[in-house]
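Colleague: Features from TrEMBL:
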TRANSMEM  B:149-172  transmembrane segment
TRANSMEM  B:184-206  transmembrane segment
TRANSMEM  B:236-260  transmembrane segment
TRANSMEM  B:272-294  transmembrane segment
TRANSMEM  B:349-367  transmembrane segment
TRANSMEM  B:379-402  transmembrane segment
TRANSMEM  B:408-430  transmembrane segment
TRANSMEM  B:442-463  transmembrane segment
DOMAIN    B:602-660  domain 'CBS'
Protein chains: 2
Amino acid sequence: MSNVELDDELLDPEVDPPHLFPKEIPHNEKLLSLKYESLDYDNSENQLFLEEERRINHTPVAAGSGIPQIKCFLNGVKIPHVVRLKTLVIKVSGVILSVVGGLAVGKEGPMIHSGSVIAAGISQGRSTSLKRDFKIFEYFRRDTEKRDFVSAGAAAGVSAAFGAPVGGVLFSLEEGASFWNQFLTWRIFFASMVSTFTLNFVLSIYHGNVWDLSSPGLINFGRFDSEKMAYTIHEIPVFIAMGVVGGILGAVFNALNYWLTMFRIRYIHRPCLQVIEAMLVAAVTATVAFVLIYSSRDCQPLQGNSMSYPLQLFCADGEYNSMAAAFFNTPEKSVVSLFHDPPGSYNPMTLGLFTLVYFFLACWTYGLTVSAGVFIPSLLIGAAWGRLFGISLSYLTGAAIWADPGKYALMGAAAQLGGIVRMTLSLTVIMMEATSNVTYGFPIMLVLMTAKIVGDVFIEGLYDMHIQLQSVPFLHWEAPVTSHSLTAREVMSTPVTCLRRREKVGVIVDVLSSMASNHNGFPVVEHTDDTQPARLQGLILRSQLIVLLKHKVFVERSHMGLAQRRLRLKDFRDAYPRFPPIQSIHVSQDERECTMDLSEFMNPSPYTVPQEASLPRVFKLFRALGLRHLVVVDNRNQVVGLVTRKDLARYRLGKGGLEELSLAQT
Amino acid sequence: MSNVELDDELLDPEVDPPHLFPKEIPHNEKLLSLKYESLDYDNSENQLFLEEERRINHTPVAAGSGIPQIKCFLNGVKIPHVVRLKTLVIKVSGVILSVVGGLAVGKEGPMIHSGSVIAAGISQGRSTSLKRDFKIFEYFRRDTEKRDFVSAGAAAGVSAAFGAPVGGVLFSLEEGASFWNQFLTWRIFFASMVSTFTLNFVLSIYHGNVWDLSSPGLINFGRFDSEKMAYTIHEIPVFIAMGVVGGILGAVFNALNYWLTMFRIRYIHRPCLQVIEAMLVAAVTATVAFVLIYSSRDCQPLQGNSMSYPLQLFCADGEYNSMAAAFFNTPEKSVVSLFHDPPGSYNPMTLGLFTLVYFFLACWTYGLTVSAGVFIPSLLIGAAWGRLFGISLSYLTGAAIWADPGKYALMGAAAQLGGIVRMTLSLTVIMMEATSNVTYGFPIMLVLMTAKIVGDVFIEGLYDMHIQLQSVPFLHWEAPVTSHSLTAREVMSTPVTCLRRREKVGVIVDVLSSMASNHNGFPVVEHTDDTQPARLQGLILRSQLIVLLKHKVFVERSHMGLAQRRLRLKDFRDAYPRFPPIQSIHVSQDERECTMDLSEFMNPSPYTVPQEASLPRVFKLFRALGLRHLVVVDNRNQVVGLVTRKDLARYRLGKGGLEELSLAQT
């Protein structure tokens, strides 16, 4: 195998391999132990124990909305099992149960996650859960390609959920993608398009209108008739005010959820406790909803088919309970009803109570170990207070014609969601596409931007907050602003375990087995006499060494004229992404004395930085190229250290200047 | 001035300074001479002559749509005068005259260019044309910041032209931006938003409806009532067929324009010839239009206010000439009329003739040395054949209700424009926003994607084609696929002029004055004895050296205790972007003997690659970081070469494998 044949990406994959962040990240309980007990990983029994425990604790990665996990995956952090078939199955059944069970959750986040899993699966042409390999798409068996598929899957998920193909692409770019280029956009766009079309077609058949393609998305917020409902310049300040309210409420939501998550990490980390908490939330949700509906006296006349199952309760015949309309429908239906029901359908008291209660319920529910999205609950909270806002405005201005409560419900929904997740561009387009209305694009944009600016003053967005809480080495777009004074020398890991061009098999096995050097990339240095300092020659990955060991590519064996099959690129691809651990490879005592020639397989020109390079410069290189290892050299090209993702992700701008974070250990 | 104070970007600007691509690029006639006469730049008289000639030839950069120029600017190629106030004035008056004069041109490209110029001007807080410095925004006086502003300006231009704020952002990302990050998107989005709002407000006042904000864009394609005009699944193949037609017609358009541009570069390179050609085109356009209108017998009954100035000609009273409706309106009005006039408003014969004639006129006009966009003419051609297509379809299917000619006119317009410029995502959103219709989003997307795929089989998009014709060292997203066999050693420029840490002023002046070493960055090497090879220490830019020379920052002067003002970052910023040429700096014979200490000012950790690095790897580094110079070192960290933008842009995948292009020389 020549160097030319070896692909650059393969040599220098941009995503961490599975074993770099073994199994802790999605487990809150593991994080706890990692953070507060500082597990000693030199103890391999301990590691096996963790392995064991993980197996009991089935696919916890299926909990939550999945968006933070996908975001991390696309940033280059591999979260185990995040794109497994098993996760998909659990996620899908989980979200069906949580939505049906009446929790304050949505199904959009899980749909996005599901889209990603399906994309990842298709791209690999095999399923490890099913133990089937279809022998197709082998070209895609590497991290960069898989990542692009996952981006496209996420976009397809949004696209299907909201009938928003362009919104899906933008979601994937704004919220997901950490790397971006034109071809990627193209592919994502194509995936979104196919997704929308397929869903539309299937739903149209389901609804009995086979040919008319009238069902663009699963969730349709109903068409806003822009002819009737325009906006005037007087309303601009009102929209900005709503954005401010949305930003503040979003920040409150995030802050409460932050404390709650901290509490959960600390105290609710046993599966049984998690189940009990979920049951408790479900019970409280049902009870509170029932009490509110029961005690509500907000009766409204039935108006045709605005609801499928109106609840009469204590209302007169021909009337329905409007609190039940908000609580007993699926959240999506409630949102539509808040957007489109004619003025007067809701009592302000009902809306106020509903907002208050649903706000806390949604906040409590998010972060529970159930599959659950936060999109729709946020929209519902926002729609409720937005409508209330509209009604109040209408009272204040003497029922002016422009103060339509539906319009304010829409703006409130945008403001609340924007305040929680802090998306702007993609959310604008999603709302435009989901309401089939372009006219409100500008006010929605304004509201979302205000909500983001106001919210950012207080606390990060919900997804970023959860990523930070999970201590994932997530690399943001830019290095912290005050980090100019740090240089590569200060951030790098040192000393580095280097290998020589021709290295003894025994040394390699020892290095790979050693828990102290659990790096995934090893600089290869020049094999000269010991008086000269060793110069950097290349970089070789743990996974490559393992494949080489497995195939016993030793110099002696080729010298001895043994018919040795030449190692091909395919051997590396087939092993992807689960390279066997070093323990599973048997190396005899004789073989330990053999040598391996790494020069054929190593990456001969790894990216390097001089040790004086500033942190922002190192960060930029790392981030722009999606690196995993960056070799730090002195001015004689001798290896002095290695910068890994975690060396960089550690630094963050806190309140007291630059802070060092404790990240999940490996 | 400490190193910390010096910004990374300042040390390593990502855009070529003005003197790298002196003055040839926008001059087709200059390109000719550069290509075919291989001007000898060692002759400085010759250069002055060119300078002279340029002054006569006023702002030729204002010609054309400006989009290719902006695209180059954002890619990091500095095209002189592209963001000057003078260019703006010429462009705006030029486009008014060309549109009013009845040429087959649009005003959208120029509007986008104008937006960029205004943004660049605002960001710098000064105007060199007006010789005013407002002393504001000095922070933005560097290439990276200015580039971000230019992106935002382009987006604001689209936003104002089509009333499409989201479309504007996407245009800027898809077509313009070569570098992308989340913050940039944010800023661009904000600019678009403000632009739309301002335009809407001003137009609303102009139209007398001060408060209702009902005029989202300059060009409004009219609202498609999606209730009435949906699409069914039967039409999907029809749309795809239209996309194919659009792709083919777009490729024909581009191919014809390519030959025409080659002809122009070769033969029409004197200003007087250019003026004569423009006059000829104008005369032919007017004549052909008049002949067609005159000979047309397509009379249609007047239907209310569909046209402001219907032309009766030989028609009976109460009728108008429909060929005149297509030709005598502004192109924008004609597009709207083709989209929305009821079925039967146009005779198929009229449409066919119009398409044919307008196609050739538009093709001839684009590339003329007048300010002119290609957006609207493309839409008009497409709308005409799309409507014809719809009418034929209606005949074929027996006037089926779904075969509305307006809908097909819209799809045809999208197909034709997509086939010419090859945008997908942004164009979809622009069309959605400009027609206030989300329902047609999916078919438009489908048509655009088909058009792009089909068109790409034959020839590049129009803008890329013009960029290539101008031999600009434009870096695409990826290295050519077959370039793996090339290494840094083969592409780099060598030998490199290096400077020492402490260098004689005389040497520096000689290096800067020498025409042979017209690089803009110089590696700084270690100042040891001559037996040891010199090791790379840093990189210093020509512009920095000139500022240092200008302020006479010599070691001797500080030793002599002269009260020397310390050089601050501001001195570099103030000089930006027009650093004086070396000839303008007087250095006395005594001063030539002084030394300069470069270590304080150089970039101490320039990006480097080993000489074995493959071209794709070098390309990726260059492209991802937006570099201008990349130092190639051997494994002892000694400088062996320098890779510049042009070394990389030279390689392109042609029909016979990897090709080396001849680029504009410097």
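Cβ coordinates are placed from backbone N, Cα and C, and glycine is handled just like the others.
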Colleague: Top stretch among B:149-172, B:184-206, B:236-260, B:349-367, B:408-430 for CB pairs under 8 A with the transmembrane segment (B:442-463)?
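Modeller: The stretch with the most contacts is B:236-260.
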Colleague: Quick one: find which recorded stretch in B:149-172, B:184-206, B:236-260, B:272-294 has the most Cβ pairs under 8 Å with the transmembrane segment (B:408-430).
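Modeller: The stretch with the most close Cβ contacts to the transmembrane segment (B:408-430) is B:236-260.
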Colleague: Summarise the model confidence on the domain 'CBS' (B:602-660) as a single mean pLDDT, whole number.
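Modeller: Residues in the domain 'CBS' (B:602-660) carry a mean pLDDT of 79 in this prediction.
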Colleague: Could you check if the transmembrane segment (B:272-294) is in contact with the transmembrane segment (B:236-260), meaning 3+ Cβ pairs under 8 Å among residue pairs at least 6 apart in sequence?
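Modeller: No, these stretches are not in contact.
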Colleague: What are the DSSP helix, strand and coil residue counts for the domain 'CBS' (B:602-660)?
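Modeller: In the domain 'CBS' (B:602-660), the DSSP-based counts are 16 helix, 25 strand, 18 coil.
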Colleague: Can you name the far-off residues of the same chain, 6+ from the ends of the transmembrane segment (B:236-260), with a Cβ under 8 Å from a Cβ of it?
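Modeller: Sequence-remote neighbours of the transmembrane segment (B:236-260) are 359-360, 362-364, 366-367, 378, 381-382, 385-386, 389, 393, 408, 411-412, 414-420, 422, 443, 446-462, 465, 469.
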